[in-house]
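**Student:** Copying in the features that TrEMBL gives for the protein in this structure:
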type	residues	note
ACT_SITE	H175	active site, proton acceptor
BINDING	G7, A8, G9, N10, V11, G12, D32, N95, V118, T119, N120	NAD(+) binding site
BINDING	R82, R88, N120, R151	substrate binding site
DOMAIN	1-142	domain 'Lactate/malate dehydrogenase N-terminal'
DOMAIN	147-301	domain 'Lactate/malate dehydrogenase C-terminal'
Amino acid sequence: MKVSVIGAGNVGATCADVIAQRQIANEIVLLDILEGIAEGKAMDIMQKNSVFGIDSVVKGVTKQYSKTVNSDVVVVTSGIPRKPGMTREELIGINTGIVKSVMENAMTISPNAIFIIVTNPLDTMTLAAFMTSGLSKNKVIGMGGALDSARFKYFLSQQIQKPISDIDAMVIGGHGDTTMLPLMRMASYRGIPITELLNEAEQTEVIDKTMNGGATLTKLLGTSAWYGPGAAIANVVESILYDRKKLIPCSVFLQGEYGEENICIGVPCIIGKEGVEKIVELKLNKSEKEKFDLSAKSIRETNGELRNILT
Ligand SMILES: NC(=O)C1=CN([C@@H]2O[C@H](COP(=O)(O)OP(=O)(O)OC[C@H]3O[C@@H](n4cnc5c(N)ncnc54)[C@H](O)[C@@H]3O)[C@@H](O)[C@H]2O)C=CC1
Ligand SMILES: O=C([O-])CC(=O)C(=O)O
């Protein structure tokens, strides 16, 4: 099983490290355009593997796409992260060209690969990868909701003072500060609805913290997060490589599902060896559907900018 990670920055290197440490793939190739960075990080991870007796092989290369040949999964983490005070959407100008060129280089050499897009603005970059590659829609997966759901569960566990592993919760919609939709009505603590455990004000507080999860970390770190993102990507990779068919919210191209068309947005997906194997249509109530529609509207505005950049 071979995974290539294009962009050996904070998120790409962490993702490679988690995949190696959990032995999800036996070969991981890290690629970057900056001389030496991928080689150095791969060597460092291999020396860590040596400490723990892990046999997954991590290789680092500079621009050498030939080394990514026949990857089963390609993760696109190349691109600029935001700085404190910025929105993810502000990255569209610089990151569109990067995602387009990475897709062109990577897909010819790994014709059967499933692509996981991570670069921000996530939903629009996933659409860019889908449009510019011509790949079938099941093979282009945007990773956003997996991370947002992990944050939602974390903030819920903090609020109700219970272990994270006892909490089930999901975020759908866009991967943006104002576009994500934490599904509080469906969140539960071991089957007990969270809405029975938290009052309205507490629920609102958790939702706000979740939606601002990325911005909060960016303010604290001076650049955006990487441990949560790296792990969330590895979870998607694992579901593909081992055909686990996990239900993970991912940004995927919709053609009528949730009443939307020609847009990539976060919805619950069954993720297996074919990539997106099924989109699960939740029965949203009126208020949830209104929020989902607003999220889609906002993503469409950013997609308008994308179309201007690409033409
Ligand atoms: N979808 C999500 O949940 C998340 C998305 N992100 C996004 O992921 C991206 C990467 O974030 P970080 O790793 O923190 O940034 P970083 O700056 O640490 O690393 C980015 C790497 O991409 C490389 N790169 C740039 N152009 C490239 C190209 N054409 N080919 C190959 N490599 C190239 C850079 O040299 C750099 O090493 C950002 O756009 C960020 O906003 C970050 C966290 C979560
Ligand atoms: O906040 C950012 O810009 C990076 C990201 O997408 C996240 O951590 O959720």
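The backbone N, Cα and C atoms fix where each Cβ goes, and this holds for glycine too.
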**Student:** What's the CA-CA gap between V118 (NAD(+) binding site) and R88 (substrate binding site) in angstrom, rounded?
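**Tutor:** Cα to Cα, V118 (NAD(+) binding site) and R88 (substrate binding site) are separated by 12 Å.
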**Student:** Using DSSP, would you call D32 (NAD(+) binding site) helix, strand or coil?
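**Tutor:** The three-state answer is strand.
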**Student:** Rounded to a whole angstrom, what is the C-alpha distance between G7 (NAD(+) binding site) and R88 (substrate binding site)?
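**Tutor:** Rounded to the nearest whole number, the Cα-Cα distance is 18 Å.
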**Student:** Please spell out the DSSP helix, strand and coil residue counts for the domain 'Lactate/malate dehydrogenase N-terminal' (1-142).
**Tutor:** 69 helix, 28 strand, 45 coil
**Student:** Quick check on the recorded positions R82, R88, R151, H175: which one has the highest count of other Cβ atoms within 10 Å of its Cβ?
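**Tutor:** Compared across R82, R88, R151, H175, the most Cβ atoms within 10 Å surround H175.
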**Student:** Near H175 (active site, proton acceptor), which of the binding-site residues G9, V11, R82, N120, R151 can be found within 10 Å, Cα to Cα?
**Tutor:** N120
**Student:** Tell me which binding-site residues (G7, V11, D32, V118, N120, R151) have a Cβ under 6 A from ligand 1; sequence order is fine.
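**Tutor:** Only G7, V11, D32, V118, N120 meet the Cβ criterion.
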**Student:** Under DSSP, is R151 (substrate binding site) helix, strand or coil?
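**Tutor:** In three-state terms, R151 (substrate binding site) counts as helix.
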**Student:** My understanding is the cutoff is Cβ-Cβ under 8 Å with a sequence separation of 6 or more in the same chain; which residues meet that for N120 (NAD(+) binding site)?
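**Tutor:** Looking at Cβ-Cβ distances below 8 Å from N120 (NAD(+) binding site), excluding near sequence neighbours, one finds G79, P81, R82, R88, L91, N95, H175, S224.
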**Student:** Determine, to the nearest whole angstrom, how far the Cα atom of R151 (substrate binding site) is from the Cα atom of G9 (NAD(+) binding site).
**Tutor:** 21
